[in-house]
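Notes follow once the structure below has been shown.
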Amino acid sequence: MKSQACLKVCLALIGLVSIVSTAYIANDVVSDYAEVKELLAAFYRKHAKKYGHDYDPAAIQAIAENMDKSVKNDKTEATVNRKLWNEVFENDIILTLPQAESLLSESNSPRSRRQAHPDPRNFWPNLTISYEFYGGEETWRQLIRSAIRHVEQNVCFKFKENGGDRDGLRYYRGNGCWSNVGRVGGRQLVSIGYGCDSLGIVSHETLHALGLWHEQSRDDRDNFISIVADKITRGTEGNFAKRTAANSDNLGQPYDLGSVMHYGAKSFAYDWSSDTIKTRDWRYQNTIGQRDGLSFKDAKMINTRYCSNVCQRSLPCLNEGYTDPNNCGRCRCPSGYGGTYCETVEYTSCGGSLTASSSYKKIESGIVQPDANCVWRIRNPGGNVEVMFDQVNFQCADPCQSYVEVKYLSQKTSTGARLCCSLPSVIRSEGDDVIIILRGTPNTAVGWRGFTLKYRAIGGTPITPATVRPTYATTTRPYWTRTASGWIHIKNPPLYKPDGQIYTSDEQSAETKYSSEELYDPSTFLSPSSSSASPALLLPSDASPQRPSAQEHDLSQLSQNALTRPTPTTTVAPDTASWSAWGEWSACSQPCGGCGTKTRVRACYGGNQVCPGSNLDRESCNAHACAKPKKGMICNGRLLLPCDLLAKLNFGSNNYLNPKLKQSGFARSSTLPLPRISQRKPVFVNELEVHPPTERFLSSSTRRVKRQTANRFCEKRFIYQCPTALLTIQMEYKPDTQGTNDAYFQQYPECCSGYTPRRGVCYKN
């Protein structure tokens, strides 16, 4: 009973420490953060008053906890970081002390259009940045490496794991997802906690570290979005404040509703059914908040800031492209555009370049395939293009996952309107072309019909129907498929007719020999609709897909010979089905130990959709032995307990992780540094000062000291990964049958059950 009472007292003491320190981001994790949070609270209080509200951290925390009970998730850091609303700025930004001071005083400063961090002291001096991991499992590390490769592919920075630079990034499993803005010196933390495990969120936090603020904090944001103030959680209105020239710079780039740095539509909402951000053009509503990866504009911001001197000369890029710092011989083009100088449509196996005429023409996507990536460019030189959708059929999501994107603005840098839920009204281009992009996710379910649209020329010098080739329907099976590190090419994919029949790679689609110009022409990747008099033109099976030449081949510019050539004969697709190419391998089911497996799948198309063999392929993976936990962690700790109680308790870990940590034996309670809950003096000291010591009081004090001396304390030393915002110690009574020395190997086996390690590799018994 006495031991149980002592255990309750110890647990109560630990619980009291936890209650007093409710912060999720401790001051020793981020330098000077206690002072930063005081300034941040003053900033939130100031902005709450502008809306007639008070800043009540307890009320905000209660709303956040209630929201966490919801299964809703917008796939942004906003969902994960609800409990951090009082700890961070704009959901995921860790401010430095100078930034916080500037933030509090900026409301009276002149405003200008700004968005990237302008202080040269926060710029990265080199284009190679060191990074390291601070704990975390291997699958988590691989995700971060994939996100870093994704960033590297789009900007001129290179990242070196475990590099020796003094300044760098340290990714660790903290509470939530957060980062500093710009370089702050030393190994600055980037927290990728549980729930932040996506390529887009890791990229988002990395771009913060490179110097980008959130997109919706730009001064010109009111031209593109409106803030629904009455839907925002009271007291968090300061998270919608706009930046000024004091701490950000737009670098002359337009506002991008598809930026990976943009808030989602429901950020800081007190009710998940409510939007706190509405786009001025409602067709963009499901575009904001995407976390698929960097947009063209996101990368252009970084490259404009850091990479303008990488190449010796600038290329004459079109359509707002710019010289690619990773390949100085080409331009980096906005989505939808391709070619050396961004003069053509982006190369895909489905889609192409089309010219509008005075009468409507039709584009049908067909059934949306997984990883579909198709791009069309519709032109009307000297005029505009009108687009009218008859069907938009995708899985509705906020933001869109699979979608049709329409770029109809005169500026090309920004992301287009992504449609997946609603049918838009008539769209008219601001310039002389429109870009249509079809995207499908890797896990797109079969059955979504995609989109159907019709287009025509408005103004300009439209071509009459008599001078153009028949209307073309399209397919959605890509030659290119998306991976975590970018788009990769699939050799010899199956070719499709509009009715869904398939031409496999070993079938000749036509006996007619085409010229090399025709094979390069994007129009040869299109097949006429069923109303056309001409049969499908299909790429011969022995020809490898080629990228378009530098000069774009428009349908209206085909030679007369091409328009009048004899109708080619085609081989009718057999009634039997055929397999598609294998998809990518899944992640391994185990990080090590020998028993892991990975799988890949393929689809059966055409005919009766019955193909020989299995659609599933399985392979063993990660046969290497599991590494034992390393000793020598950064921080040591100790727990003070009565010695007779300590011997009866089990702990969540053991000291086999570090044999150097031994129990240090007995120690007098008067010399032990007990936890300091507050700055108040002990109660019995106050009593001594206020009242003269009586005989009764002295007798009581003597008995108390005797009890403490007889009940000597022992210390339980332990190690833990630090910095940490929350340290949990698990204790329970040992079962009578349990020994005191658990085998280290039993707790941390090198191989799975049924496998034996030999020279670092696990083999099946």
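Every residue gets a Cβ built from N, Cα and C, even glycine.
Values in this document were obtained by computation on a predicted structure and should not be read as measured data.
The active site annotation in Swiss-Prot covers Glu205 and is backed by sequence analysis. The Zn(2+) binding site feature in Swiss-Prot is assigned to His204, His208, His214; the stated evidence is sequence analysis. If you look up Swiss-Prot, you'll see 526-545, 562-573 marked as compositional bias 'Low complexity'. Residues or ranges marked as domain 'TSP type-1' in Swiss-Prot (evidence: sequence analysis): 576-627.
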Given the Zn(2+) site His204, His208, His214, its other Cβ neighbours within 8 Å of the Cβ centroid, in chain order, are Glu77, Asp92, Ile93, Ser179, Val181, Glu205, Leu207, Leu212, Trp213, Val260, Met261
On the 0 to 100 pLDDT scale, where does the domain 'TSP type-1' (576-627) sit on average? 76
Treating G and I as helix alongside H, and B as strand alongside E, what does DSSP give for the domain 'TSP type-1' (576-627) in helix, strand and coil? 0 helix, 17 strand, 35 coil
